[in-house]
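Data first, discussion second: the structure below is written as C-alpha cells.
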Amino acid sequence: MSSAVHAALSTHAFVSDFCERVGPGLWAEPLNVGSSLAFVVGAVWLARDIARAPAGAAGGRRWSLALLAACLGFMGAGSMALHTLATGWGASLDMLAIRCFLLWFVTCFLRWMMGWSWPWALLGMPGLYLLAEGWLRLGGPEALFGLHAYLPALWTLLACTLALAARGDPAWRLFALAAVSHGASLAFHRLDGELCRALPLGTHFIWHLFNAALCFAVARCVTRRALDRLEHPGVVPAGAPPVAG
C-alpha cells in the first residue's frame, strides 16, 4: 500500500490508489471488490469443514478454528471496505484485518502444527510476526518497492515452512508453495500502478485471488490438523510433535 493510503489512514479523505479506480463511487472497482469475496468464500468453506467435524473431534474447543475462519472472512470484509468506500478508515480496516488473520494464524500454527501449549502459543503469536516486521523497520530495507508492509507475511510463511521441514512434517511442501505464491502475488500488487496504461483494469485483483487461495490453503491445513488431533488425541501425525496440555 502506497504512502497515499497511509497518509489518509485516520481521515475520511478519498483514497484513489488503484489502477481500476478512476473516480469516486462504491462500484468504481468491481474487479477488486469481486475478488475480495474470495476471502469470504474461503472463510465459509472453513466454517463448513469445522461444522461438519464429528462432535468428539471439536467439542467445545473448536473456537480457535472458528476464530481463524472468522479472521479470514474479516480480511475479505476489510478489502471490500477499502475498494468500495475508498477512504482512509477503509484502508485502516483493511490493514487491521490482514494483521488479525496473520497473528491468529501464527497462534493456531504454533498450537496445532507445532504442538505448543496455549499459553506459549499466545506468547509466540506476536513474536514471529514482530521479529519479521522489526527487521524491516529497524535493520532491513525500508521501502522494498513499497511492499514492506506485506513482507512480514512472507517471512512468516518461510519460517513456518522451515519449522515443518525440520521436523519432517510433509505439510512443509504446502507452506513452501504458499510462500512462493505470496512472493508471486507481490509482483501483481506492485505492478498494478505501473501497468495502468497497458491494463486499465490493473492487476490488484490477481493479488487478491492469489492471497485468498494461499490463506485458505494454509488455514485449512491447520484446521484439518487440529480436527485430526482432537478426534484422535492419542495419535500423533507423521512429523508432528504431540500437543502440549
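Placement of Cβ uses the backbone N, Cα and C atoms for every residue, glycine included.
Quick look at what TrEMBL lists:
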- 33-51: transmembrane segment (TRANSMEM)
- 63-84: transmembrane segment (TRANSMEM)
- 120-138: transmembrane segment (TRANSMEM)
- 144-164: transmembrane segment (TRANSMEM)
- 201-222: transmembrane segment (TRANSMEM)
Contact set, same chain, for the transmembrane segment (63-84): CB under 8 Å, 6 or more residues outside the stretch: 15, 18, 21, 26-27, 29, 32-33, 36-40, 42-44, 46-47, 50, 90-91, 93-98, 100-101, 104-105, 107-108, 111-112, 208, 212, 215-216, 219, 222-223, 226-227
Spatial neighbours of the transmembrane segment (33-51) far in sequence, C-beta under 8 Å, 6+ residues away: 27, 58, 62, 65-66, 68-70, 72-73, 75-77, 79-80, 83-84, 205-206, 208-209, 211-213, 215-216, 219-220, 223-224, 227
